[in-house]
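Annotated in Swiss-Prot:
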type: ACT_SITE; residues: 65; note: active site, proton donor
type: BINDING; residues: 14, 36, 63-72, 122, 183, 192, 212-213; note: substrate binding site
């Protein structure tokens, strides 16, 4: 795999079959992007989809958002690392112990897999948080969980671009920010409530940009990826 890749773009293989995902991968250059495998794709096709993408020289972000008791979370993260995953995530709300143990399990087994946490899903807003019993607002919850993630020595968090500036100031420049909800100006917002353009997200402090439909549903995905990279 191309460990020297310098692109911030992670293409999300969401709502796609294995055949469609591999057909898309065959149109893209692994030197220009990484690929994200989420719950649906992984549940349907398992490790084989990851292996097939690795065979095409892509680095893979396994977006399974593990959320369980500490040992189960740590073992799941370790299993992902053993697949050769570039990056994997957990829910910060699983707690400090789960995150810390997962990171330590990677270190104990000499894996350099990036481990990041999800604070608040980008589909959620203040009203959605109130429905779950969190009443002090989106910003407070994101900041609280990001700080907990840093304390657990994880590599970064998933966050919206609107949260990036504050989180860089709060957690430091080395704390990686992975931003979904990236759209071009003429794209539909779909189910993301906190969205941003690629260039603005980087300006705001995001390190990696998760881009799905803008590329996967394009007539020419490779050309669309090039257009996005040129816009940066």
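Placement of Cβ uses the backbone N, Cα and C atoms for every residue, glycine included.
Annotation for residue 65 (active site, proton donor): same-chain Cβ neighbours under 8 Å, separated by at least 6 residues, are 39, 89, 90, 91, 118. The Cβ neighbour count for residue 122 (substrate binding site), using a 10 Å radius and every protein chain shown, is 22. Other C-beta atoms found within 10 angstroms of the C-beta of residue 64 (substrate binding site) number 17, with every protein chain shown included. Shown in sequence order, 73, 90, 91, 93, 94 are the residues of the chain, 6+ apart in sequence, with a C-beta less than 8 angstroms from the C-beta of residue 67 (substrate binding site).
In this view, the densest Cβ surroundings among the binding-site residues 70, 212 belong to 212, judged by other Cβ atoms lying within 10 Å.
Taking a C-beta cut-off of under 8 angstroms and a sequence separation of 6 or more, residue 14 (substrate binding site) has the following same-chain neighbours: 36, 38, 40, 41, 212, 213, 216.
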